[in-house]
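K.L.:
My questions will all concern the structure given below.
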Amino acid sequence: MNALPIDLDLAWESLPALFDGLMVTVFLTVLPLIIGLALAFPICFARMSSRRALALPAETFVVFFRGAPLLILLYLVYYGLGQIEALRNGPFWIVFGSPFGCAIVALSLNHAAYMVEVLRGSLLAVPHGIVEASEALGITRRNIFLWVRMPLALRYGLKAYQNEVVSFVKGTAIVSVVTITDLMAVANSIFEQTYDPFTPILCAAAFYWAFVNLIRVGFTFWGGWLNRHNAEDVAMPGPGRLALARLAGRAKVMP
Amino acid sequence: MIARPPASDLAGDLAPAPVAPAILLAGVVKRYGAHRALAGVDLQVQRGEKVVICGPSGSGKSTLIRCINALERHDGGRIVVNGIELTGDEGTVQDIRQEVGMVFQHFNLFPHLTALENCMLAPQLNRGLSKAQAEKLAMAHLERVHLADQARKYPARLSGGQQQRVAIARALCMEPRILLFDEPTSALDPEMVKEVLGVIEELAASGVTMVCVTHEMGFARRVADRCVFMDRGEIVEEGGAQDFFDAPKSERLRHFLAQILR
């Protein structure tokens, strides 16, 4: 008998199906990350506005969608919105009529709510004196945002952003409850077919782990490149490429 | 002597109206709540003039020069800079900021950009210079503050004195006719004060209009055409450096000088 709780043959046979599931998980990660981030910017600007009429709705959005458990949010979008007849007959049914559409909406709203706060915290961390210096140079507000505030905010907020992305990836596992066959759902169905609880679940865990760590490594490189100005002994030929290699754990970096 | 950068018209010799002062402040008031940081300040700075402002902490001297380029908005009175009246209108604010460079106590360099890029940013964004043009301009001004060899370093790798000189070069790259210094040496270690003041003195010789908040009395004596003493939001006394330090007229200035000279 096999001493391992894993059936290696089953694991090998399951790989293609699990890989397909992983692709669904990747898709359900990347798209909401993009949409959520795009939503977060205007909501964050509204939240930071001195005008109450803008700040209050934005704050309400954050409080609601950050407070609502993702699972309940998903149920509400998937089962709840379907009760509205006008929506069922309207053009948006293309989105809300499919589990994928609903999952992307729910995940995007959740991610946006978290990102508003990440973004706001990062922007508030930019030293006021640096913004003043830009103003004194006669740089327009728009350009100050693009070339000074945002690049610095990105550096201050990168760790928080990484945390949010990593926990978000794992959060996508709940989409299986609305019939989407993501990585978790594939593992679950293999379990139901074989009555082997360990092999598919541990394999799925390994896939999640690999995906999350790929993201982590990506962030490490990104952070190393962004923070090259703080690197020890910055070698200057080219924009800090050597420093980048050094920071990113002495890995070889191709130009 | 230092070489003048080719594209510079720092001397302010392109005066639109020769009689108009570079800076005119008339009855300027600034309030923070009930507190009056500026209680009706009148001050004129002629083209090419070097004015040093001193006064105790909280006297309103920083607030005064920050009003000149609208980092603080004044609540009353008039401010006219190079013939442009500062109103609430964003356009006039931008116009004035193109004419006025500022150097801060805490340098406020862009930490994510090299010394060179710090100097290139505003000319590229505001004046639409190409990268090559901006780089040439920035190098010329970095040379002027004796930092050409540090151009590709990030601020974190530079000493305080070097950072402040980069900040001066960055302001010069906008080729302003007026330079404002807000305690440029107060945050520096003592051994670095001299290199920064040296650069400012060299600039002073170039004919640019300068307003400098500082307590460096030796510097004031060497450079200032006029010294202004502020206390509690108003100008108490002003005069040539010689009289100002050696024969102060007001009791408040005498008291202040006794405090700082010990």
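The first residue you see is number 1, and the count goes up from there.
For all residues, glycine too, the Cβ spot is worked out from N, Cα and C.
Got these off TrEMBL a minute ago, pasting:
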DOMAIN    A:18-220  domain 'ABC transmembrane type-1'
TRANSMEM  A:22-46  transmembrane segment
TRANSMEM  A:58-78  transmembrane segment
TRANSMEM  A:90-110  transmembrane segment
TRANSMEM  A:165-186  transmembrane segment
TRANSMEM  A:198-219  transmembrane segment
K.L.:
Mind pulling out the one from A:22-46, A:58-78, A:90-110, A:165-186 with the most Cβ pairs under 8 angstroms to the transmembrane segment (A:198-219)?
P.N.:
A:165-186
K.L.:
At a threshold of under 8 Å on Cβ distances, which of A:58-78, A:90-110, A:165-186 pairs most often with the transmembrane segment (A:22-46)?
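P.N.:
Out of the listed stretches, A:165-186 contacts the transmembrane segment (A:22-46) most.
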K.L.:
What parts of the chain pack near the transmembrane segment (A:165-186), using Cβ distances under 8 Å and only residues at least 6 beyond its ends?
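P.N.:
Beyond its ends, the transmembrane segment (A:165-186) has Cβ neighbours at 14, 17-18, 20-22, 24-25, 28-29, 32-33, 70-71, 74-75, 78, 99-100, 102-103, 107, 110-111, 114, 200, 204, 207-208, 211-212, 215-216, 219.
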